[in-house]
Amino acid sequence: MIFASSNRHKYEEFRRMLSDLIDLKFLEVDYLEPQGEDTREIVVTSAKWLSNYIREPFFIEDSGLFIEALNGFPGPYSSYVFKKIGNEGVLKLMNGVENRRAFFISVIALSYGRGIEVFEGRVQGTIAREVRGGGWGFDPIFIPNGSNKTYGELGDEKDRFSHRGASCRKLREFLMRFGSDRLP
């Protein structure tokens, strides 16, 4: 099966979480993602477009960080915002803000012969007051509920807590039920 993305970090996470089930191949593809407020709609539209070019089963994923005090910003624009202002910029926007509640959402679209299946993962948490740990993207500033560590401090343990881990578990259940080797 193929994971199509321009983000190798995402591929590494999915490969790690699915390695016992499928042989996941990385197709590095940079495509124009439609803009909008609905992450699910963005992913489905992108998968439909990519299915014109990729002729075997594949999946893509999009995610976003939604910060309550910022009215859901950066939301579906998370990748762009990270590239422009990074973690430090988000923390600057949150300077002096007491409400640190946020959530991460991950939406996977699996495209195969019978259509498109969508799997969503969502994790509630808070925004840290400083960058903590490594990782990539907003990992060093997001603390999932039930932990006192940021994603960046969790390392591979992040897979158990993360929004991407949650959506991947749903994809995994589908592949086990349907049979990943029988996808048309």
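Using the three backbone atoms N, Cα and C, a Cβ is placed for every residue, glycine included.
Per Swiss-Prot, substrate is bound by S5, S6, N7, R8, H9, K10, W136, G137, F138, D139, K158, H163, R164; the candidate from S51, S63 named for the same site is S63. A Cα-Cα distance of 12 Å separates S63 (substrate binding site) from E33 (Mg(2+) binding site).
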